[in-house]
Amino acid sequence: MKAAAGCAAALALPLLLPSRHLATFVLLTLAAAVTVGVSLLMGYAGQVSLGQASFYAIGAYAAGLLAVHGTPPLLGLLLAPVLAAAAAALIGFPLLRLRGHHLAFATLAVQLILLSLLAQASWAGGAIGLQGIPRFSIGGYSLTDDLGYAYLALLVLGIALLVSRNVVSSRAGRGLRAAATSEIAAAASGVPVGGYRLAVFALSAAFAGLAGGVYAFFLGYLAPGSFPVLLSIEYVVMAVVGGLGTIAGPVVGAVLIVVLVQVLNTLGTQPGMPDYAPSVLSYAVYALVLVVCVLYLPKGVVPSVSAALHARRR
Amino acid sequence: MTDVIEVTGLTVRYAGATALDGVDLRVGAGEMVALVGANGAGKSTLVKALSGLLRPAGGTVVVRGRLAQVPEGREMFGDLTVDDNLRLGGWRNGRHGRDTGPVYELFPELAVLRRRRAGSLSGGQQQMVAIGRALMSRPEVLLIDELSLGLAPMVVAMLVAHLRDLHASRGLAVLLIEQNARLALELCERAYVLESGRIAVHGRSADLARDPRVTAAYLGGHVAAP
Amino acid sequence: MSDLVGYVVTGLGIGAGFALVASGLVAIYRVTRVVNFAQGAFAVLAAMFTGTLLTAGLPHGVAELGGVLLGAAAGLIVGVIAIGRPGTSPGTSLIVTLGLGVLAYAIEVLIWGDQPRSYPGVPGVAEVAGARLQAHYLLILAVTGPVFAGLSWFFLRTDLGKALSACASNRYAAQIVGIDVRRMGLIAFGLGGALGGLAGVLTTPVQQVTFDSDVALIVNGFAAAVLGGLTRPVVALAGGLLLGVAQTLVAGYGGGAYQVEVALVLMLTVMIVQSARTPIAVAA
């Protein structure tokens, strides 16, 4: 019921929004899709990734480069998650031996390496960036307006949510939850913890890669500077704020944060405000929301609100 | 005679489960008292409550004077020297509480080891450091959690001799928490038996040693009378 | 030959900055088991504040001291928020310090703007074994050496230092003997802040600082610290110097590219090798 209502609202929203907000809607929806993967990683596999934007970048660059070299956009978009997942599997194989803060720093390091390599890679546009990515098209039909990308982004988010829900309720999902409580006990009872962990890591990268592919066609331009470390931190903020290990959490977290930043952005760009106001306000929002949430609402918004509702009904 | 430890109706719960249920226990000034119980009876919960490390759900804990703890497993500062371990024991007394001389007089064995890393010592030596560290705070009562655990009988006998000395020469009160009931009843005047969070029996050690309930459960099932 | 000497001395100077950041991380981690992500922010804040004090006309030395003190104050504030609430797990504290690092961006951009800043250090060029390099690098080394000597004296010889080491060695035992473990954690955060601040203050004359310079500092600092398992300041010093030299050598002979990758790949390799040696790593 609730899911159906949510779907209907999400599908109606792009039509109701003023068109100047559609670009924000697209980016928000893509961020939510990436956050679904981050939430899966953190909530079920107990891994903090501070480099999730790397897979977003890999997906975006894969789709962008393929399209620039004449590959049909649909094929590029389909390959984006595959390549991102393959990269994650390759990186994850050695890295996922690490835990806790070691893994957090390792994923951060991977992103910094990727950004540095991209900035030096002339075949990918170097530090200036990759330009002239065509618009997304299937057959002869080309997607040119923001509304079309809004629905494409929603499709991506829908796929991420659906896959994530099925993984969570699967045998592997139960095994991972057991491993998050006690890795040794789970391994002893025959759960292939390492394999599942790698699979979730690759899957979360696939979500990010798919979203990154849409991003490339939507903007038509990519640069290393579009994927700062801060972007990875934003995904973590959204996942934590919404509530780890819940299906709705990533979406709620992304919506809350983006709307909050957007409101403050509007405030910050009022006449008379200094030109640094928008960035100061958005840094402050990410920081304060994350700190307050972790300390006072450690389960995140969605579980806390639903717990409060249940308590009231009794 | 005033009591140095006075526990009344102490109840502690962990996430709904009751760990201690209405425990009454007293230790008089200069008295040696044993608390005997099996694993999971609630002994370590009582230790934490006495050290003020947890909040009871009910009842009161009164400690008159300073209580120093000799923790289970000895809990050395393993990377630090014996001397540093002892000096840190006097932390509560500030700058003037760091004179380790009296402890080395009491345990001459430790004086030789003063520059050694505490983590490299044998179990018995570590237990001496733990007792010495506790004494450094100049306590009125010593709370010893599992004196004999993991130690050879010879070593235990030597530690017991030291404790008797301390008790006799300084009038130090001791609450000894022990799994080895035979040892505890031998060393202490009075004893309490803790079973699933309640005091099952208490009284003079000599009487308890003849109590069939105690002998059956804690002294190897040797029942004296039908 | 003189190129090599130049690269090595320059690398040692840069590495000293990493080592100071690393020792701050270690000081905090030992006592609290929290990896402090805001460690790089202390350096940035201290450097920017020093620049302001110098512009205001304060003499060198006083301005730098002001920067280090601000770093210490920032460390204390981060500590209060990150470990002040009883029952905060180290993992939670890590996320909190991450958030506070981002908050520092807001403060820095608000006060100092988003452009790179610097201020003059020791002027002129020095000659070491035929190599010509900025004289300021020698000052960095001349300060870092005594600071590390002072740190080891502090931890090994003073009562407060021993109490901090005691918390690092055995938290429970520290509580038993009456050491206020939380207060020691806050002191460690303050010390970490001062060390991070010193790193920023010392290196800014030779390397401009921007509000987001903290990422490079924290990653290099962590890489240096992780060599010693995050608990050994002396190994962190060696690690920092090694990283600095490796980076300038790669930059010098490799034409400026790939020096970032060297440090990061080194860090990843060290961590993976370490984790392979301890097969069942406990989740932190």
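Counting starts with 1 at the first residue shown.
A Cβ is built for glycine as well, from the same backbone N, Cα and C atoms used for every other residue.
What TrEMBL records for A:28-46, A:53-71, A:77-96, A:103-128, A:148-168, A:198-223, A:235-264, A:276-297 is transmembrane segment.
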**Tertiary contacts of the transmembrane segment (A:103-128), as residues 6+ beyond its ends and Cβ separation under 8 Å** = 47-54, 57-58, 61, 65, 91, 95-96, 222-225, 227-229, 232
**Asked** Hey, which bits of the same chain come close to the transmembrane segment (A:148-168), Cβ under 8 Å, at least six residues off its ends?
**Response** 7, 10-11, 14, 22, 25-26, 29-30, 32-33, 36-37, 39-40, 44, 136, 200, 203, 207, 210-211, 214, 217-218, 247, 251
**Message:** I'm a bit unsure how to read this: which one of A:28-46, A:77-96, A:198-223, A:235-264 has the highest number of Cβ pairs shorter than 8 Å with the transmembrane segment (A:53-71)?
**Reply:** A:198-223
**Item:** the transmembrane segment (A:235-264) and the transmembrane segment (A:28-46) contact flag, 3+ Cβ pairs under 8 angstroms
**Value:** yes
**Complete:** Given the transmembrane segment (A:198-223), its same-chain partners at Cβ distance under 8 Å and 6+ residues beyond its ends are 26-27, 30-31, 33-34, 36-38, 40-41, 44-45, 47, 49, 52-53, 55-64, 67, 73, 76-77, 80-89, 92-93, 96, 125, 127-136, 143, 149, 152-153, 156, 159-160, 163-164, 167, 172, 176
